[in-house]
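Undergrad: Straight from TrEMBL, here's the annotation block:
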type	residues	note
SIGNAL	1-21	signal peptide
DISULFID	CYS31-CYS50	disulfide bond
DOMAIN	64-214	domain 'Cupin type-1'
BINDING	ASN109, HIS114, GLU119	oxalate binding site
BINDING	HIS112, HIS114, GLU119, HIS160	Mn(2+) binding site
Amino acid sequence: MSKAYLVTVALFALAFSLASASDPAPLQDFCVALKDYSDKSALFVNGKFCKDPKLVTADDFYFRGLNIPGNTYNKVGSNVTNVNVDTFPGLNTLGISLARIDFAPYGQNPPHTHPRGTEILVVLEGTLFVGFVTSNTDNRLFTKTLNKGDVFVFPVGLIHFQVNVGKTNAIAISGLSSQNAGAITIANAVFGSNPPINLDVLTKAFQLDKKVVEYLQKEF
């Protein structure tokens with residue numbers, strides 16, 4: 001097998017791996033998602049039906065309400081307001097979305113992951129302690145304390161978190177490299193799955209007493 005052939009195969013493999021790392025590239029200028037799938041003129045592209053381009057207006061590319069604070073009165077003391085393809089149809093096929101994250105004093109956006117997108121976060125108000133953990137086997141932790149105007153990036157798929165370490169409310173805006181990056185909150189997924197994960201599995205995985213695991217499952 002020639003060296004040139006191996007190099008070509010390697011380059012193609014690299015290209016395909018990069019291509020699959022984010023949303024598929026759009027095949028037209030835009031594809032505003034349809035909420036009413038009964039429209040027979042619709043086209044199925046990138047997971048959402050497309051509105052007839054002739055019926056698209058400026059309002060399809062407009063979203064309002066991100067200035068409204070989210071309700072942080074909950075167990076974790078934070079609220080995420082998502083602006084993705086489900087709430088903003090004009091994002092369909094464009095490969096981007098964003099979110100407003102509100103934090104009560106000492107509130108947190110607990111450890112979670114976005115399986116389909118990289119996240120870049122900018123602090124608008126307050127002070128956040130943020131970080132992410134690399135994949136096995138290193139499991140290396142990267143952390144930083146962010147103040148107003150600071151920016152931090154969380155690579156796609158890696159577990160990450162944000163904590164308000166200040167005595168006042170904090171606000172951040174996150175941009176994501178997917179029209180719907182998804183979110184998996186680790187504790188909710190592991191201890192709050194439906195149906196529950198087998199008790200023996202979690203007991204051994206986390207090296208905990210069964211009573212502790214049962215307690216955690218009831219909490220989530």
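Using N, Cα and C of the backbone, Cβ positions are placed for all residues, glycine too.
Whatever TrEMBL says is automated annotation, not expert-curated.
What's the neighbourhood like for these features in this structure?
TA: Cβ neighbours within 10 Å of HIS114 (oxalate binding site), excluding its own Cβ and spanning all shown chains: 24.
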Undergrad: Distance check, please: Cα of CYS50 (disulfide bond) against Cα of HIS160 (Mn(2+) binding site), rounded to an integer number of angstrom.
TA: 33
Undergrad: Which of these binding-site residues is closest to CYS31 (disulfide bond) if you go by CA atoms: ASN109, HIS112, HIS114?
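TA: Checking each of ASN109, HIS112, HIS114 against CYS31 (disulfide bond), the shortest Cα distance is to HIS114.
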Undergrad: Provide, as an integer number of angstrom, the distance between the C-alpha atoms of HIS112 (Mn(2+) binding site) and GLU119 (oxalate binding site).
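TA: A Cα-Cα distance of 12 Å.
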Undergrad: Other than its own, how many Cβ atoms are within 10 Å of the Cβ belonging to HIS112 (Mn(2+) binding site)?
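TA: For HIS112 (Mn(2+) binding site), the 10 Å Cβ neighbour count is 20.
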Undergrad: I want the residues beyond ASN109, HIS114, GLU119 whose C-beta is within 8 angstroms of the mean position of the oxalate site's C-beta atoms, in chain order.
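TA: Sorted by sequence, the hits are ALA99, HIS112, THR113, LEU121, PHE154, HIS160, GLN162, SER174, LEU176, ALA181, ALA183.
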Undergrad: Other than HIS112, HIS114, GLU119, HIS160, which residues of the same chain sit close to Mn(2+)? List them in sequence order, counting a residue when its Cβ is within 8 Å of the Cβ centroid of the site.
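TA: Going along the sequence, the neighbours appear as THR113, PHE132, PHE154, LEU158, ILE159, ALA181, ALA183.
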